[in-house]
Amino acid sequence: MFSTGAVEGRVDAYCYEAEFEDSSKDAWVLDEWVFERVKKLFADAKTNATLDAQLRQEKNVFFLHLLGLDTTGHAHRPYSWQYLQNIQIVDRGVQEITKIIEEFYDDDKTAFVFTADHGMSDWGSHGDGHPDNTRTPLVAWGAGIATPNKTESGIAPGHGDKFSSDWNLDSIERHDVDQADVAALMAYLVGLDFPTNNVGVVPLSYLDADPISKAQALLVNAQEILEMYHVKEDIKKSTELRYKPFPGLGDDTHSAEYRVSVIKQAINAGNADEAIRQTYDLIDLGLEGLRYLQTYDWLFLRTLITLGYVGWIVFAITTVIDIHVLTEVVPAQRTTASIAAFSSVLVALYGVLFKQQSPIVYYVYAFFPVMFWEEIFVRRSSLIKGGRSLFGHVSSRTDIVKLVLSVVGFFGLLEALVQSYFTREIYTVCYVAAAAWPALYGQEFLKKNIGTVATWVLSCLTMSAFTLLPANKAESTTLIMLGGALMFAVGALYLFFEKSILAETGPTEELAEPELDDKSRVILSIQLGLVLLSMIVTKSSIGYIQARQGLPLGVLVVGRATLFVSFFIPQLHRFYPNSNYVHRLVVIFLQFAPTFIILTISYEGLFYFAFCLCLFSWMRLEHQVYLHTTGESKAAAPANPIKPAVEAPASLVFADTQVEVSEPSSLQPFVEGRIEAIKNGGYRSLTLADARISLFFFYFIQSAFFSASNIASVSSFSLDAVYRLVPVFDPFSQGALLMVKLMVPFAFLSSVFGLLNMRLGVAPSALFMVVMAVSDVMTLSFFYMVKDEGSWLDIGTTISHFVIASLLGVFVAGLELVSEVMIRGVEFGGKTIVRGNGKVNGDSNGRVNGKTE
């Protein structure tokens, strides 16, 4: 990290190999390696004149990275005997190295700074905002360091939080600093210039110097910050049409030069305290000025980006209406005047950006809003006609009230999902509310579908419990095995009752007595065996790692092979296909079960079981709601997204639809293909009721992640599970395994949603497109929450939220592709899912034949 990019010969680095970082063994050997390497360095200097001369040069910096404590904390937690032993080893090593250095130089001119880059939680992770993770030690001693100030009685200043009382250090004055200040402190102690782009402030309380020297050091620190301000200001002046200077440093009586001269006068007059006070004020102004220049174009850029996101949302909705709602091709109304108007806007924006010497990405920010809004303008007729089609049934005051409440609920849930990134417990409330949702359809519906409703309620209440559990988890073999047992039970019960299950859920009555395929059952049995094997190898791996014995090669190979084979064994089902949707979901469930055993440390396996059960119940329940509200008719689902009316809008009954096109449209092939499919009974148009289904899907996307973890828990590097497969430090492999585990629930979700699309008779991509359209409502919210100042945690978290939300649209598109692969060949009521050619083959009446469950 330090030698890369440095001037050749300026930095010498000594590192152990990555294979040395074996988390299944004692990590204190990493620290011992560092200490022994330093000892050898100074020992070699006694017989190597060149090395001795290099070590005795002025302004040398020795950096020792002691990784053992971090690794031990991850593996055994900071209250373990292994961690305490590692602390003793580090304490002893620091003492020995200090003695060696002092004896080597023998001039009392060496300063020592002992600190850390982060803390650690009780469960051995770091990355969230808890003070245990953001509070780090800073102990300095030696040349240039002030001696500690002690009080004879009572508590010394700086101990208001009583954090140091456990170490009996309350009598010594504590001086807390920002982490960025450590670099400024080190530069001062060594006598080097402050680092380029440094925004840290040298902590004067640490310095063993007279007041005037402290004032002079602080002034140099301030001038370094002001130089950054001047450079950035000159650049901004040269590119702005009309530059508005920073008010705090904008005129002669408030300029940086004037303020520096006043401070120098105070120093020359011996008034150090006044000089220090004014210098601190100047540093604050300099930092504010840097912030001012950093955000100078924010209003302009934020306006462009906001228009871009809103334009994309409206454009996406317009596209959905054109392709999946309207029953006629609506031509685009593009004219010479509209082209000229929007082109002029784009040229004007590009002119401003060119004058400002803006980066290329700014031109992209300007292009997309213009493009989206131009498309919206020329396709405004589609929006108008789509609105009439979707909202045409809203006529009475009661309908209007219901619609308003539905819209408020829709956006209210989206905002709740935004807040769930900060407060996971929101999902508990949402799942409890979702459990009561079927009651909106009346007692008759509940009685008719008591089994499906009961399963839905039970699974929702179970899911509601997970977000009340801590996202940062401690390893629990019991919970891992319990989750594995439930997964095994699902597969075993299906094998035992397969014939009756296939009879109840078969697509036609002719399959009431299905013939079981013995070879398919053998493959399922192998999958079931892999679940059992993953439980055995996981328990064995945990035992070896906890005993610090290192993972035996056999256990490591079996674990990796089990995970690898579990992904590919299900592909054998293609040779012995079964088109039943329940069979396919069981295959998919068992395919990923070993992943959620080997790569989990606590209740994640239980979550996987409950989440899959909830999705299965949701798919069946949505189908029953569709049949209930449409009377099993050909018409599409009714319009109210919360509780649809029984009667569908008359405009959605398609007889002999006429297509009239006055001019070509880019969407014409898609729309004509869909209209033809509607005529043939292939699939139906979307209605407002489908907004509820899309919102449920979007909610499950968020729940798939947040119900068992959160952003902080992912960034806190709890690697206990991946140590079972990759015990030696390998960030890419370990990170890839964590991502595989995170993606598994989404794969099952995409399969269920794809099946639901077919059961409801909508086009394969229709509901996915609706989700893509609304997902950026969250993105826009996160955009305005992004921070670029404060703690690294605050900055990183807000950026992570925005990036995740920004990629949701791409992610949803990816889920659709996964769905196509996972459910290819499944049948519903004589319909076979054949993805990739845009066709759905089935009967002409658009109904579900035979059994409905």
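Placement of Cβ uses the backbone N, Cα and C atoms for every residue, glycine included.
Caution: TrEMBL annotation is automatic and unverified by curators.
For 288-791, the entry in TrEMBL reads domain 'GPI ethanolamine phosphate transferase 1 C-terminal'.
Among the features that TrEMBL reports, transmembrane segment is placed at 299-323 (among others). Through the fold, the transmembrane segment (299-323) approaches residues 330, 349, 362, 365-366, 368-369, 371-373, 375-376, 379, 382-383, 385-386, 389-390, 667, 670-671, 674, 686, 763, 766, 769-770, 772-774, 776-777, 779-780, 783-784 of its own chain, all at least 6 residues removed from its boundaries and within a Cβ separation under 8 Å.
Annotation comment: TrEMBL describes 335-354 (among others) as transmembrane segment.
What TrEMBL records for 360-378 (among others) is transmembrane segment. For the transmembrane segment (360-378), the residues of the chain that approach it from at least six positions outside its boundaries are 301, 304-305, 307-308, 311-312, 314-315, 318, 332-334, 338-339, 342, 345-346, 349-350, 353, judged by C-beta separation under 8 angstroms.
The transmembrane segment annotation in TrEMBL covers 399-418 (among others).
Feature annotation from TrEMBL assigns transmembrane segment to 424-441 (among others).
Residues or ranges marked as transmembrane segment in TrEMBL: 477-497 (among others). Long-range contacts of the transmembrane segment (477-497) within the same chain, counting only residues at least 6 positions beyond its ends with a Cβ under 8 Å from a Cβ of the stretch, are 521, 524-525, 527-528, 531-532, 534-535, 538-539, 542, 582, 586, 589-590, 593, 596-597, 600-609.
Residues of the same chain lying 6 or more positions beyond the ends of the transmembrane segment (522-545) and with a Cβ under 8 Å from any Cβ of it are 23-24, 75, 475, 477, 480-481, 484-485, 487-488, 491-492, 494-495, 551-552, 555-556, 558-559, 562-563, 565-566, 569-570, 572-573, 576, 586-587, 590-591, 593-594, 597-598, 720, 723-724, 727. Residues annotated as transmembrane segment in TrEMBL: 522-545 (among others).
Positions annotated as transmembrane segment by TrEMBL: 551-569 (among others). Long-range contacts of the transmembrane segment (551-569) within its own chain (CB-CB distance under 8 A, at least 6 residues past either end) are made by residues 24, 523, 526-527, 530, 533-534, 537-538, 540-541, 544-545, 591-595, 598-599, 723-725, 727.
Remote same-chain residues near the transmembrane segment (581-599) are listed as 480, 483-484, 487-488, 490-491, 494, 498, 501-502, 505, 520, 524, 527-528, 530-531, 533-535, 537-538, 559, 562-563, 566-567, 569-570, 573, 605, 608, 612, 616, 721-722, 724-725, 737-738, 740-741, 744, 747-748, 751-752, 755, 822-823, 825-828 (criterion: CB distance under 8 Å, separation of at least six residues from the stretch ends). Here TrEMBL flags 581-599 (among others) as transmembrane segment.
Look at TrEMBL and you will find 693-712 (among others) tagged as transmembrane segment. Away from its own ends, the transmembrane segment (693-712) comes close to residues 127-129, 410, 413-414, 417, 420-421, 424, 427, 430-431, 463, 466-467, 471-472, 603-604, 607, 611, 615, 618, 622, 641, 742, 745-746, 749, 753, 756, 760, 767, 770-771, 774-775, 797, 800-801, 804, 808, 811-812, 815 of its chain (Cβ-Cβ under 8 Å, at least six residues beyond either end).
According to TrEMBL, the feature transmembrane segment maps to 767-786 (among others).
The transmembrane segment annotation in TrEMBL covers 798-818 (among others). Residues 421, 701, 711, 715, 746-747, 749-751, 753-754, 764-765, 768, 771-772, 775-776, 778-779, 781-783, 785-787 of the same chain lie 6 or more positions beyond the ends of the transmembrane segment (798-818) yet place their CB under 8 Å from a CB of it.
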Within-chain partners of the transmembrane segment (767-786) [C-beta distance under 8 Å, separation at least 6 from its ends]: 302, 305-306, 309-310, 312-313, 316-317, 319-320, 323-324, 411, 414-415, 417-418, 421, 686, 690-691, 693-695, 697-698, 701, 753, 756-757, 798-799, 801-802, 805-806, 808-809, 812-813, 815-816
